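All remarks here apply to the structure that follows.
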Amino acid sequence: MQILLANPRGFCAGVDRAISIVENALAIYGAPIYVRHEVVHNRYVVDSLRERGAIFIEQISEVPDGAILIFSAHGVSQAVRNEAKSRDLTVFDATCPLVTKVHMEVARASRRGEESILIGHAGHPEVEGTMGQYSNPEGGMYLVESPDDVLSLDVKNEGKLSFMTQTTLSVDDTSDVIDALRQRFPKIVGPRKDDICYATTNRQEAVRALAEQADVVLVVGSKNSSNSNRLAELAQRMGKAAFLIDDATDIQEAWVKEAKCVGVTAGASAPDILVQNVIARLQELGGGEAIPLEGREENIVFEVPKELRVDVREVE
């Protein structure tokens, strides 16, 4: 059985930054550090940080006065931000800068009184945070997930209308929704390119190349990870058996028993140690040496807040 590795895969710059913010805060200030929502959607990462003293909460009211609070990589609404400001808290923002870019687009539209349409998945924390940047009662903020949603959407003024997208969507699905928006609302304005982030796009491109060669595709990522789900869906659309797994223990021998080639990739919030464990398990099941495919090189780095720019080793 051949093992192929998608490239790129795993951590993106936004996830690296968010995890570093929590790790550095723990090193500098000590436990406990409060984090609103899972800092990234990966069970292994969250459990590891919890063991070191991070406390994950959903409501600001759960945080005691005087505590350190970190916003997750998915971002928060202005209402949540304002609630935190009103409390005696030290706040660090781990929102991915590419999500912040979308927040700024929505805030600008709100100030101008333009109605805005967000393409995204209802209930996802990034969507809730982005929708929560709009506050102009004269305008409106709407959420659509599919071309059918676009057909049933009513707006107040088609002449002052813009759209944005969640950063972790399917590139293909989003293109279909954008086409539907432009057909329904010819004057709609959008970003020069959609807001889907470089890492999401690159990993979908990589899994497409992987699925062209593999019989079975394993995507390392948690069930609540939007970008990981999109990777598994893309491989399935290409007619391949694809499975989303948290770690190597999820692998069922029957999945790969007849496979000549198994492809492995990882969502943007999945650490490489999980991928290495998956490779080891596949080798136990008869796999050979893991062969990485060629792919786009990623050199993007997002800095942590200056207050947290320390060598963690110096404070341990």
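Cβ atoms here come from the backbone N, Cα and C positions, even for glycine.
Among the features that Swiss-Prot reports, [4Fe-4S] cluster binding site is placed at Cys12, Cys96, Cys197, with the record citing sequence analysis. Taken from Swiss-Prot, the feature isopentenyl diphosphate binding site covers His41, His74, His124, Ser225, Ser226, Asn227, Ser269, and the record attributes it to sequence analysis. If you look up Swiss-Prot, you'll see His41, His74, His124, Thr167, Ser225, Ser226, Asn227, Ser269 marked as (2E)-4-hydroxy-3-methylbut-2-enyl diphosphate binding site, on the strength of sequence analysis. If you look up Swiss-Prot, you'll see His41, His74, His124, Ser225, Ser226, Asn227, Ser269 marked as dimethylallyl diphosphate binding site, on the strength of sequence analysis. The feature active site, proton donor is assigned by Swiss-Prot to Glu126, with sequence analysis given as support.
Where Swiss-Prot records a feature, it is marked here on the structure.
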residue	record	DSSP class
Cys12	[4Fe-4S] cluster binding site	coil
His41	isopentenyl diphosphate binding site	coil
Cys96	[4Fe-4S] cluster binding site	coil
His124	isopentenyl diphosphate binding site	coil
Thr167	(2E)-4-hydroxy-3-methylbut-2-enyl diphosphate binding site	coil
Cys197	[4Fe-4S] cluster binding site	coil
Ser225	isopentenyl diphosphate binding site	coil
Ser269	isopentenyl diphosphate binding site	coil
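Contacts of Cys12 ([4Fe-4S] cluster binding site) defined by a Cβ separation under 8 A and a same-chain sequence distance of 6+ are given as Cys197, Tyr198, Ala199, Ala268, Ser269, Glu298, Ile300, in order along the sequence. Among the residues the record lists as binding dimethylallyl diphosphate, namely His41, His74, His124, Ser225, Ser226, Asn227, Ser269, the two farthest apart have Cα atoms separated by 15 Å. The separation of His74 (isopentenyl diphosphate binding site) from Cys96 ([4Fe-4S] cluster binding site), Cα to Cα, is 7 Å.
Within the same chain, the residues at least 6 positions away from Thr167 ((2E)-4-hydroxy-3-methylbut-2-enyl diphosphate binding site) whose Cβ sits under 8 Å from its Cβ are Cys96, Leu98, Val99, Val102, Glu126, Asp195, Ile196, Cys197, Thr200, listed in sequence order. Within the same chain, residues at least 6 positions away in sequence whose Cβ sits under 8 Å from that of His124 (isopentenyl diphosphate binding site) are His74, Gln166, Ser226. Long-range Cβ proximity for Ser225 (isopentenyl diphosphate binding site), meaning a same-chain Cβ under 8 A and a gap of 6 or more residues, is found for His41, Asn42, Gly267, Ala268, Ser269, Ala270. Long-range neighbours of Asn227 (isopentenyl diphosphate binding site) (same chain, six or more residues apart, CB within less than 8 Å of its CB): Thr168, Ala199, Thr200, Arg203, Gly221, Gly267, Ala268, Ser269. Taking the Cβ of Ser269 (isopentenyl diphosphate binding site) as centre and 10 Å as the limit, one finds 32 other Cβ atoms among all the protein chains shown. Same-chain residues that are not part of His41, His74, His124, Ser225, Ser226, Asn227, Ser269 yet have a Cβ within 8 Å of the Cβ center of the isopentenyl diphosphate site turn out to be Val40, Glu126, Thr168, Asn224, Ser228, Gly267, Ala268. Packing around Cys197 ([4Fe-4S] cluster binding site) is summarised by its Cβ count: 26 other Cβ atoms lie within 10 angstroms of its Cβ, all protein chains included.
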